[in-house]
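Take a look at the structure below.
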Amino acid sequence: MNRRGLLIILSSPSGAGKSFHSKILRKWDPSIRFSVSATTRAPRVGEEDGVDYHFVSTEEFKDMVAEGEMLEHAEVFDNHYGSPKAPVKAAMGAGEDTLFDIDWQGGQQIRNSSLGNDVVSIFLLPPSMAVLEGRLRSRGQDSDEVIANRMAKSLDEVSHWAEYDYVLVNDDPDVCAQSLKAILTAERARRERQISLNDFVRELQTEYEDQT
Ligand SMILES: Nc1nc2c(ncn2[C@@H]2O[C@H](COP(=O)(O)OP(=O)(O)O)[C@@H](O)[C@H]2O)c(=O)[nH]1
Ligand SMILES: Nc1ncnc2c1ncn2[C@@H]1O[C@H](COP(=O)(O)OP(=O)(O)O)[C@@H](O)[C@H]1O
C-alpha cells in the first residue's frame with residue numbers, strides 16, 4: 001500500500017529563513033511538492049506568479065474561501081494568505097509530501113483539521129532579534145516601514161513555538177538544513193513503519209480468524 005503524503009509545515013517569524021530552507025529541501029528531494037499559497041500581497045521583485053504565490057485580488061481571494069477551496073487561510077501583515085486544497089489532496093493521494101511555508105494560524109488550522117494526523121510541523125527561530133532584522137534588510141525586498149511592521153509582529157509568531165513538533169534555531173544554514181533533512185528522513189521512516197505494522201497486525205488477525 002502506498003503511504004499517504006506528509007504535510008510538512010514550516011513556520012517562523014518573517015525573515016528567519018523559511019523560503020531559504022524550503023528551497024534547499026526541495027532541491028534535496030524534488031518529489032516534495034511546495035504548496036503555492038494564494039495571497040493578496042503585491043509580488044516582490046523576482047517572484048513569479050504560480051511559482052512563489054498565486055497573486056490574486058481581495059475579491060478573488062474571498063471567492064476562493066467562499067467556494068471552500070482553501071485548506072486554511074489567515075490574515076498576516078494586513079494581507080490575506082491561504083493554501084489551496086486541491087493540490088494538497090492530489091499530492092497526498094499520490095503518496096507525495098507537501099511543504100507549507102505558512103504562519104502559526106495556518107499551522108493551527110491544518111493541525112486541527114481532519115488531516116492533523118498527517119502533519120509534521122517545524123518552527124524556525126532566528127539566532128537573535130538583531131540577526132532577524134539584519135536578514136530582513138539584507139533580503140533587500142521590503143521598505144523600512146514593512147520591515148518595522150514585521151519586526152513588531154515577530155514575537156507574536158515566536159510565541160507559538162511550543163505548538164510545533166520540532167523547533168530549530170536557524171543560525172548556521174548548513175546545520176539547520178541537515179537537521180531539517182534528518183527530521184524528514186525520520187518522519188518518513190516512521191510513517192512507512194506504521195503502514196507495514198498496520199498490514200502485519202491485519203495479517204495476524206486474519207490468521208487467528210482462519211484458525212478459529
Ligand atoms: N496562514 C498562511 N500563512 C501564509 C501563507 N502563505 C504565506 N504565509 C505566511 O505569511 C507571512 C508573510 O509571508 P510573505 O509576505 O511571503 O513574507 P516572508 O515570510 O517575509 O517571506 C509568512 O509568515 C508566511 O509564512 C498561507 O497560505 N497561509
Ligand atoms: N542561516 C542563515 N544564515 C544567513 N542568512 C540566512 C539564513 N537563513 C536565511 N538567510 C537569509 O535571510 C533572508 C531571509 O530569509 P527568508 O528565507 O526569505 O525568510 P522567510 O521566508 O522566513 O521570511 C534571506 O536573504 C535568506 O537568504
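Note: Cβ is positioned from N, Cα and C throughout, glycine not excepted.
Per TrEMBL, these features apply:
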{"type": "BINDING", "residues": "Ser12, Pro13, Ser14, Gly15, Ala16, Gly17, Lys18, Ser19", "note": "ATP binding site"}
{"type": "DOMAIN", "residues": "5-185", "note": "domain 'Guanylate kinase-like'"}
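Long-range Cβ contacts of Ser19 (ATP binding site) within its own chain (separation 6+, distance under 8 Å): Asp101. Averaged across the domain 'Guanylate kinase-like' (5-185), the predicted model reaches a pLDDT of 97.
For Ser14 (ATP binding site), the Cβ neighbour count at a 10 Å cut-off comes to 21, with all displayed protein chains included. Excluding Ser12, Pro13, Ser14, Gly15, Ala16, Gly17, Lys18, Ser19 themselves, the residues of that chain whose CB lies within 8 A of the CB mean position for the ATP site are, in sequence, Phe20, Leu124, Pro126, Leu132, Arg135, Asn170.
The 6 Å Cβ screen around ligand 1 retains Ser14 from the binding-site residues Ser12, Pro13, Ser14, Ala16, Gly17, ordered by sequence position. Sequence-distant neighbours of Ser12 (ATP binding site): residues of the same chain at least 6 apart with a C-beta under 8 Å from its C-beta are Lys18, Phe123, Leu124, Leu125, Pro126, Glu157, Asn170. All protein chains shown were included, and the count of other CB atoms within 10 Å of the CB of Lys18 (ATP binding site) stands at 22. For Gly15 (ATP binding site), the number of other Cβ atoms no farther than 10 Å from its own Cβ, over all displayed protein chains, is 24. By the rule that a residue counts when its Cβ sits under 6 Å from some atom of ligand 2, the binding-site residues Pro13, Gly17, Lys18 yield Gly17, Lys18.
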